[in-house]
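One structure is given below, encoded as structure tokens.
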Amino acid sequence: MLKPQIHKPHLVNKLPLGTPFIPSHASIASFSTTSLRTLSVQKCYRRYIRYTSSNIKAIMPDSIGKSIRKKCVVTVQPTISGALTAVTVGLLGTVADSVSDFLGRSFLLELVSSDLDSSGKEKDTVKAYATYDELDKESKLYKYQCEFEVPDDFGEIGAVLVQNERHRDAYVKNIVLDEIVTFTCDSWIHSKFDNPDKRIFFLNKSYLPSETPEGLKSLRQKDLESLRGNGEGERQSFDRIYDYDTYNDIGDPDTDSDMARPVLGGNEHPFPRRCRTGRKMTSTEPWSESRTTLPFYVPRDEDFAEIKQITRGATTLYSVLHGVIPALSSVLKDEDKGFPLFRDIELLYEKGVDIDPPPDSGTLSALPRLVKAITNSTKKVLQFETPRIKHKDSFSWFRDEEFCRQTLAGLNPYSIQLVTEWPLMSKLDPEVYGPAESAITKETVEEEIKGFMTXEEALEQKRLFLLDYHDLLLPYVNKVREIEGTTLYGSRTLMFLTCTGTLRPLAIELTRPPNNGKPQWKHVYTPCWDATDXWLWKLAKAHVLAHDSGYHQLVSHWLRTHCVTEPYIIATNRQLSKMHPIQRLLCPHLRYTMQINGLARLSLINANGIIESSFSPRKYSMQLSSDAYAQKWRFDHEALPADLISRGMAVEDESAPHGIKLTIEDYPFANDGLLLWDAIKQWATAYINHYYPQAKLVESDEELQAWWTEIRTVGHADKKDEPWWPQLKTQQDLIGVVSTIMWVSSGHHSAVNFGQYDFGGYFPNRPTIARTKMPNEDPTFEEWEAFMEKPEDVLLNCFPTQIQATKVMAILDVLSSHSPDEEYIGTSMEASWEAEPAIKSAFEEFCGRLKKLDDIIDSRNRDPILRNRTGAGLVQYQLLKPFSGHGVTGKGVPYSISI
């Protein structure tokens, strides 16, 4: 039996170093702006005494036989202090951990053999204590060292067990033996005082379950079980448990009955599942989980707050939510006050808004782009950068052609669809919602295209396109109209594809369902030359833009990327071992998302949060997202080619470059996206075919099958019986599933996220709410006279209020920003990929394709023929350029949903 032995130490004097361990288990939401002051060990004793790396080693008793000495280095990443934590380092913890270093007991490591012994049992582990050695000045990482005496017959080392002897958890980057054998950890290791279980880390070599070395099989299963939990109790900050729950925590009925919200997830309101936290239920609603207090729970390895730069998205988002928004609310106290003049909107960029910093004003230090100090004053100014849409052309938002162009090359390219049937018909019950047939007629179309062709020819030649928010919004119109300060319609917007390949609008239909004895009201607006109808047309566009903004945020963005991805993350951690090749392929695409989603539930999508207070559906926003999930979401349509085909924006064509032919040739999002999709799929194909050379390996992989089953039946339980779920029997099945997940977390999310400030930062271009009804809907004499007297005032009153606009602008600025340490797709190679030559080569080819894509997009943006992506004053389409600098750049595709 191997026993650790402590040799007589060599005393070495060292200057005290800041501890590499965090002061508390703090998720992102525990951020304070108070600067963290680390208490120096020097206050306890004047000299730091440590053991050299040769002091502590595991030795073999002489009677056992020969052994090999192996040197081990443990690399620990320091945590970020300052604005990232609310708790200063406690003296007790500092002294206790320093004593651990003094005694040479920082980490207990145990090497595990991949082989069984001659009797078929697992071999004894080889143990050693690692103690602090130095701070690497170049990498700024802490090094701990020890030596092992490994028996000659130990066999190949396959895993290492780690126990953290300190009182605080530590983020361990890697463990290296003899500078050759590497265990990539990138994981928080809890203190044994919080959890006595040892952490398990495997070599960088990937194994299918059937190929697992005999000596590691039980550890592989044990490690998975440690991540699943038992579904009971409240999760603690040091836990690594991944489990499922419904969205039963966005309401706050204990504070106010009007803040109660229905549970999302279940037969009544289908929705993907989130990570379970186990908090107690509310006292007023036993089915609703109580609102969280800071910090909120995410599995420990999903919390990157203390190890990423201060400008990491979650940090800055937190700073806006808990620093800027309260400051704005204290200044803009009249919640109903709009902008009296367009000039007042301009001043947001020229002068900004003076704000009183909150008591904990350090949060604002994370926002140098937004918040500027005022000379000789304690006040600060919230000054917005001019968005590109306004900087390039101040009047572009007013033009019809730009209104249409942005459906192809703007922030929400996921809604436009081909018209395939005429007349346009609603699928809603006419007994409840009124006549189903649209008021946009054949004559309307022919009048607008001025005899260029008949309506039948336009339909046959695929010239008619639609934004259709009629059936999704109409059931909410009467309910939303009961809320003061907002209104809603069902809407349809019809567009025509011109001979130059651009779109122009033909008509907008706004509909109000029957209510309180009033019949259905609907009206068709068209581009006009006379003053009155032209202003009605502009107001109708404002309503449609508010609908599109809401759909973009609640469906294209939140639902189809953030929300549906969380079950993928949970299932991947619960069912795929850390040594599984698919786990390692997906890992970079699944980082950071759960932390962002937790913050969204805390302050963005919650009752009376940013979304509910600033978007047209108000308190019904998340129910609308649930309806979209029930009616529209299909996994098999989330791959880009399938999405385009489902909307009629492409047809299958084996002779076309991507296997599909676009209905609109100059569709910037689709053209760039298909190149990125192909690159992702080719990378996934090479990777999967390497590990699964035969189809039977896919079907017989019990971890893989359990993973896919759990995604379908638990993570997306409300869709579990749908016939469209792909099977997982062949390599092609697996390539399709994995490529879709990789695309959604990278390309899809980037396309709908990183242009938010460029397009929405000037809110007349994308208002989030329409506050007033159309002037011609049952007008009073006074209302109509006010419109006729000064229609500009009516438009400004329809736009968001000052507090609504500035809150959203501040949020969009952060959501659109890349951090300096952003991990762009194809720019960093996972250690497990590099360890396998064939995978390393495939990844390098993937990187090469992405670099070509970057150049291709630049070339396309210089082509004057492509009018939908370039032209005088246009914001060129570059959202799918893979690489970017930091800040708000309007380009760059991170691996994952990192903000």
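Numbering starts at 1 and runs along the chain as it is shown here.
Cβ coordinates come from backbone N, Cα and C, glycine included.
Straight from Swiss-Prot, the features:
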TRANSIT   1-57  transit peptide
DOMAIN    83-203  domain 'PLAT'
DOMAIN    206-899  domain 'Lipoxygenase'
REGION    252-286  region 'Disordered'
BINDING   HIS557, HIS562, HIS749, ASN753, ILE899  Fe cation binding site
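Distribution of Swiss-Prot features across the structure.
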{"residue": "HIS557", "record": "Fe cation binding site", "DSSP class": "helix"}
{"residue": "HIS562", "record": "Fe cation binding site", "DSSP class": "helix"}
{"residue": "HIS749", "record": "Fe cation binding site", "DSSP class": "helix"}
{"residue": "ILE899", "record": "Fe cation binding site", "DSSP class": "coil"}
Please compute the mean pLDDT of the model over the domain 'Lipoxygenase' (206-899). 94
Cβ neighbour count within 10 Å, max among the binding-site residues HIS749, ASN753, goes to HIS749
Taking the Cβ of ILE899 (Fe cation binding site) as centre, how many other Cβ atoms lie within 10 Å? 24
If you draw a 10 Å sphere around the Cβ of HIS557 (Fe cation binding site), how many other Cβ atoms fall inside it, taking every protein chain shown into account? 23
For the Fe cation site given as HIS557, HIS562, HIS749, ASN753, ILE899, which other residues of the same chain have their Cβ within 8 Å of the site's Cβ centre? TRP558, THR561, ILE596, SER750, VAL752, LEU815, ILE897
Across the region 'Disordered' (252-286), what are the DSSP residue counts per state (helix, strand, coil)? 3 helix, 4 strand, 28 coil
Tally every other Cβ atom lying within 10 Å of the Cβ atom of HIS562 (Fe cation binding site). 23
Residue counts in helix (H, G, I), strand (E, B) and coil for the domain 'PLAT' (83-203), per DSSP? 17 helix, 61 strand, 43 coil
